[in-house]
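Feature annotations, reproduced from TrEMBL:
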{"type": "ACT_SITE", "residues": "Lys128", "note": "active site, N6-AMP-lysine intermediate"}
{"type": "BINDING", "residues": "Asp45, Gly46, Gln47, Tyr48, Asp49, Ser95, Leu96, Glu126, Arg149, Glu186, Lys302, Lys326", "note": "NAD(+) binding site"}
{"type": "BINDING", "residues": "Cys420, Cys423, Cys439, Cys445", "note": "Zn(2+) binding site"}
{"type": "DOMAIN", "residues": "631-697", "note": "domain 'BRCT'"}
Amino acid sequence: MSDDVTVPEDLEVPQEARHEWADLAERASAAQFAYHVKDAPTLSDGQYDALIRRLNELEEAYPTLRVPESPTLAVGGAAFSTEFQAVDHLERMLSLDNAFSEEDMRAWASRVEREAGELAYHFLCELKIDGLAVNLLYEEGRLTRALTRGDGRTGEDVTLNVRAIRGIPDQLQGNNIPELVEVRGEVYFPLAAFADLNASLVAAGKPPFANPRNTAAGSLRQKDPRVTASRDLRMLVHGIGAHRGLDFARQSEAYDLLGEWGLPVSASLRVVDSIEDVLAFIATTGEHRHDNAHEIDGVVVKIDETALQRRLGATSRAPRWAIAFKFPPEEVNTRLLDIQVNVGRTGRVTPFGVMQPVVVAGSTVTQATLHNAEEVARKGVLIGDLVVLRKAGDVIPEILGPVVAVRTGAERAFVMPTECPSCGTTLAPAKEGDKDIRCPNSRFCPSQLRERLFGLAGRGAFDIEALGWEGAVALLESGVLVDPDLGGASESMLFSLGQNEIARVPLYTRAAKKTDPPEAVTDGRVLSANGLRLVGNLAAARTQPLWRVLVALSIRHVGPTAARALARHFGSMSAIRTASVEELSAVDGVGTVIAEAVRDWFDRPDNAWHAAIVDRWAADGVRMEDERDESITPTLAGKTVVVTGSLKTFTRDSAKEAIIARGGKAAGSVSKNTDFVVVGPGAGSKEAKARELGLVILDEAGFARLLETGAADPAP
Ligand SMILES: NC(=O)c1ccc[n+]([C@@H]2O[C@H](COP(=O)([O-])OP(=O)(O)OC[C@H]3O[C@@H](n4cnc5c(N)ncnc54)[C@H](O)[C@@H]3O)[C@@H](O)[C@H]2O)c1
Ligand SMILES: [Zn+2]
């Protein structure tokens with residue numbers, strides 16, 4: 001590809017600029033080829049967009065650099081030879097100009113306003129679906145040809161493949177079917193179908209696909225249409241090309257017609273009056289970026305009136321009456337410098353990637369999870385690889401896969417260590433056949449102890465705000481947690497910590513001042529605000545309900561749900577300690593795996609120190625029994641309730657507790673077995689799913705009534 005980009009010989013242009021242009025043009029051109037023809041990008045979209053932006057800057061400064069073959073002018077990736085027959089579009093398919101900021105959007109809107117003159121107009125806002133464009137030719141209502149965009153003039157004939165896509169009608173239905181119409185739209189891989197496909201690949205021992213966009217492109221551009229048919233691709237309409245016997249004054253009107261004829265039109269369109277409304281649409285869409293059935297990479301804003309569209313016209317590459325607002329990229333390419341392992345609170349050893357630091361979705365990422373050795377193998381990543389890293393919203397950064405095309409041969413495979421990196425003990429699976437390997441030294445392994453301490457202070461357990469990761473490290477380093485009976489540091493000592501002990505931990509102290517009361521000073525230091533908070537938090541933690549104490553013990557498989565069920569049924573630690581596997585597993589929501597894990601935790605001879613933890617906590621005043629509130633009527637016995645979004649008078653936890661206290665089940669996900677779905681502001685896909693399933697949906701007031709009476713009046 002790169003040999004058709006030659007440096008323009010204009011001596012007026014400084015040599016530096018010419019060289020930079022040539023270098024960037026070659027890289028952009030190669031990236032276009034990899035992305036559009038091979039469906040296997042070598043750059044991230046953000047890097048590619050940055051290249052094109054810089055090229056545009058250079059070409060604006062030195063217009064002779066803007067030669068016809070410049071990658072800035074290409075729609076797609078120049079005319080390439082592929083395995084498909086090349087066919088011309090009746091009307092050219094263009095790309096879109098990009099906007100990356102509010103400022104860019106306002107600049108575009110001002111240009112439109114200037115050109116519009118006396119014409120009244122509206123903005124048509126659409127989701128920018130991350131897929132690939134196709135052009136469907138309908139003649140007398142019959143689908144006669146389908147092309148990819150190609151270079152905009154000439155596309156690839158993928159008619160047979162497109163016929164295999166569900167939702168694209170072979171025959172239009174209804175009235176006033178035009179003699180001829182080119183329907184443009186985006187073919188995409190629905191996220192749920194993509195997840196299913198990857199799950200089945202993984203189950204078959206094959207590597208999963210990295211992202212839905214390239215997989216959609218690869219699935220459509222298959223020699224064998226049966227492969228396309230086996231992938232659950234979909235399409236949404238977003239434009240009209242050549243047409244005869246079809247008349248419309250607004251693009252949104254044309255969409256309505258297409259919809260009536262059976263073509264898939266997006267339900268997320270909005271027609272708005274002002275650029276302010278456009279910006280508001282962009283903002284809300286950005287907040288709900290992941291709440292769609294498909295990936296989106298931005299918002300496309302178009303002028304709705306065709307008269308103004310015609311007046312604004314197009315450049316050789318893109319219409320002037322439309323613009324694509326791009327969201328910040330969530331996928332970037334970066335180097336996988338190393339793979340190291342963590343030892344978690346239950347001894348599980350998990351590899352994680354040490355990344356070349358990279359900014360993505362607003363934060364700098366230096367690590368990414370890899371779950372287990374099998375996953376490293378499945379993803380096919382080698383140490384030293386350039387990899388695609390994804391960070392979406394608050395989700396933990398994830399390595400999607402390697403960029404194989406740029407390997408140098410210097411990469412090396414990861415080998416799982418055989419000894420614990422924290423304590424040197426030989427690693428082994430807990431049971432034969434387990435996927436995970438563990439450090440069996442749970443009592444003294446420093447890493448496990450640190451993780452347990454951090455975990456038990458978490459919001460789902462004792463909720464000791466002043467004890468975070470650094471706090472756990474500091475308490476262990478200062479030696480204040482050494483348990484004389486156990487012969488080493490242990491969480492058993494946590495509630496034995498008083499002012500005097502905490503005063504020995506530098507992290508929780510500050511230098512004493514003259515004004516400090518002398519009795520508060522230890523070795524010239526006093527508790528800092530953080531230290532005082534820890535003292536207060538520990539006092540409050542002693543009165544936490546039993547289920548939180550159970551979670552804090554780091555018993556395998558005993559998370560908040562199981563802990564709540566156990567606490568509700570048995571009511572006290574001593575009852576749980578003496579319950580048999582049968583008694584434990586008879587509890588709704590417990591089961592044998594959990595029951596056995598609980599028994600094992602207390603009973604295995606080498607676990608005697610576990611009981612010592614419980615005993616010392618109890619001696620130090622930690623509540624080991626729940627007071628039962630007999631005044632609460634079990635209004636929700638046997639009912640399953642899902643709470644989603646935020647409520648005013650309940651936190652997540654207190655809503656759950658309220659449901660459970662009334663005998664109900666508080667579930668995390670919506671299914672057909674859900675009886676009630678309580679919806680607060682910010683509810684996303686769960687609400688949508690609930691509506692889809694026709695479940696009873698309640699607002700906060702309805703929830704309050706439900707708790708009281710067990711009866712539901714659905715929200716309006
Ligand atoms: N990673 C790489 O190496 C690499 C290389 C080339 C291109 N790319 C990606 O592709 C982009 C350029 O590709 P492009 O020319 O297709 O431009 P584009 O993706 O910026 O915008 C144009 C395309 O958006 C699509 N689209 C989705 N929803 C739409 C809607 N509602 N209305 C209209 N169009 C809609 C259409 O297919 C249209 O052709 C780059 O910005 C980059 O993200 C990446
Ligand atoms: Zn260890």
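From the backbone N, Cα and C atoms, a Cβ is placed for every residue, glycine too.
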Check: For the binding-site residues listed here, Leu96, Cys420, Cys423, which shows the highest count of neighbouring CB atoms within 10 A?
Finding: Cys420
Item checked: Of Gln47, Asp49, Lys302, Cys420, Cys445, binding-site residues neighbouring ligand 1, Cβ under 6 A -> Asp49
Margin query: I need the most crowded of these binding-site residues: Asp45, Asp49. Count other C-beta atoms within 10 angstroms of each C-beta and give me the top one.
Written below: Asp45
Next item on the list: Measuring Cα to Cα, tell me the gap between Cys439 (Zn(2+) binding site) and Lys302 (NAD(+) binding site) in whole angstrom.
Entry: 58
Item checked: Sorted by sequence, non-Cys420, Cys423, Cys439, Cys445 residues with Cβ within 8 Å of centre, Zn(2+) -> Val343, Gly347, Pro421, Ser422, Gly424, Thr425, Leu427, Pro440, Asn441, Phe444, Pro446, Ser447, Gln448
Next item on the list: Just jot down the residues in the same chain as Cys445 (Zn(2+) binding site), at least 6 apart in sequence, with C-beta under 8 A of its C-beta; none if empty.
Entry: Val343, Gly347, Cys420, Ser422, Cys423, Thr425, Cys439
Note to self: Less than 6 Å between Cβ and the nearest atom of ligand 2 is the rule; apply it to the binding-site residues Gln47, Cys423, Cys439.
What the structure shows: Cys423, Cys439
Note to self: Going by DSSP assignments with H, G and I as helix and E and B as strand, what are the residue counts for the domain 'BRCT' (631-697)?
What the structure shows: 18 helix, 14 strand, 35 coil
Margin query: Can you give me the average pLDDT across the domain 'BRCT' (631-697), rounded to a whole number?
Written below: 87
Check: Which state, by DSSP, holds Lys302 (NAD(+) binding site): helix, strand or coil?
Finding: strand
Note to self: Here's one to test understanding: among the binding-site residues Asp45, Gln47, Leu96, Arg149, whose C-alpha is closest in space to the C-alpha of Lys128 (active site, N6-AMP-lysine intermediate)?
What the structure shows: Leu96
Item checked: For Asp49 (NAD(+) binding site), the three-state class that DSSP assigns -> helix
